[in-house]
Amino acid sequence: MLIKSIIALVCLAVLAQADFVRVQLHKTESARQHFRNVDTEIKQLRLKYNAVSGPVPEPLSNYLDAQYYGAITIGTPPQSFKVVFDTGSSNLWVPSKECSFTNIACLMHNKYNAKKSSTFEKNGTAFHIQYGSGSLSGYLSTDTVGLGGVSVTKQTFAEAINEPGLVFVAAKFDGILGLGYSSISVDGVVPVFYNMFNQGLIDAPVFSFYLNRDPSAAEGGEIIFGGSDSNKYTGDFTYLSVDRKAYWQFKMDSVKVGDTEFCNNGCEAIADTGTSLIAGPVSEVTAINKAIGGTPIMNGEYMVDCSLIPKLPKISFVLGGKSFDLEGADYVLRVAQMGKTICLSGFMGIDIPPPNGPLWILGDVFIGKYYTEFDMGNDRVGFATAV
């Protein structure tokens, strides 16, 4: 009887794993390695998290650092796209076949052709998002979206007609798939993740990110819809309640570098898969960059001596009473430039005033070391040590 029970439990575990929807993530050279301009990124983060009339998702400029993308399809038969899965916005958009032939960014990426899809439904509502280099604009359409082997039917998304700025040209991905709360969805569109759950494609309204930090690995990581993969992390999750259902925002206890403590008495933080950096208030980040021996170079960037990485101080983020540590190798970015490798700090200063700020933004520098679970059913974010 005991053996039968064990077998049954094993079978249930296998079935639970099978119910996950998995999308492989690929890692590419970030567009920021072509256009390194932290000042531009700071402007975009301000727009993203400091909108005058409430949260407004911003689609691209702080994706200068987005290195991880995955494959989706839209339409019947399926048309393929590479998208960044972004927890800091809630809409899905891809370039449209109807974009102007003078739009270089559009020409260089995969484009959705409504005329070639038998499941296309016209919507036509105007769509636009304002950011530093101009406005991404287009219109809404509805079609079937495929990802991880499942099909999300009647999904409304944006066809982008105008994609301004060189960032679009350099990007290795075609569009963005937002995974934030519906409250920040432009035009009130129901996000893809919501429809996945509502249509019974996943058992639980949970998704999780595993980012492979091994540069020699074939795959960049994985996003799992429906739960978390226990093979990708060790120990238990530390859960933090979402205190603002827009972005994945929560309370952080403190940030520590040696005996120096920042974010005193607690502060607000956001887990954002749309950027690889960690951002925080300018005065505090400046102090952190000095503490790690960073040398200011240009546009808010700090260079670090690559040979000193093993000796750099541990930086600890205290979340839910537990310390999540980053070593020098975790928070220093190696960038190839003119045939040489330079090392840049993964910390960026940005001041976001009240009521939305001040904020810390934990991007891929943090998520790469700590497997991250986004649990919309319980309105919480969980962190565990990635394998």
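In case you wondered, yes, glycine gets a Cβ from its N, Cα and C as well.
The feature signal peptide is assigned by Swiss-Prot to 1-18.
Summarising the annotation, Swiss-Prot assigns domain 'Peptidase A1' to 68-384. Taken together, the residues of the domain 'Peptidase A1' (68-384) have an average pLDDT of 91.
The active site annotation in Swiss-Prot covers D86 (among others).
Sequence-distant contacts of C106 (disulfide bond), defined as residues of its own chain at least six apart whose C-beta falls under 8 angstroms from its C-beta, comprise P95, S96, C99, S100, A160, I161, E163, F168. According to Swiss-Prot, the disulfide bond annotation covers C99-C106 (among others), on the basis of similarity to another entry.
If you draw a 10 Å sphere around the CB of N123 (N-linked glycosylation site), it holds 17 other CB atoms from the protein chains shown. Here Swiss-Prot flags N123 as N-linked glycosylation site, drawing on sequence analysis.
The disulfide bond annotation in Swiss-Prot covers C263-C267 (among others), and the record cites similarity to another entry as its basis. Here the Cβ of C263 (disulfide bond) has 21 other Cβ atoms within 10 Å, regardless of which shown protein chain they belong to.
In sequence order, D86, T87, G88, Y247, W248, I361, L362, G363 are the residues near D272 (active site), counting only same-chain partners six or more apart with C-beta under 8 A. Summarising the annotation, Swiss-Prot assigns active site to D272 (among others).
Using a 10 Å radius centred on the Cβ of C306 (disulfide bond) and all shown protein chains, the other Cβ atoms total 14. As annotated by Swiss-Prot, disulfide bond applies to C306-C343 (among others).
Of the recorded residues, C343 (disulfide bond) and C267 (disulfide bond) place their C-alpha atoms 29 Å from one another. Comparing C-alpha positions, C306 (disulfide bond) sits nearest to C263 among the recorded positions N123, C263, C267. Cα spacing between C263 (disulfide bond) and N123 (N-linked glycosylation site): 46 Å, rounded to the nearest whole number.
Secondary structure at D86 (active site), as computed by DSSP, is strand. In the three-state DSSP classification, C263 (disulfide bond) falls within coil.
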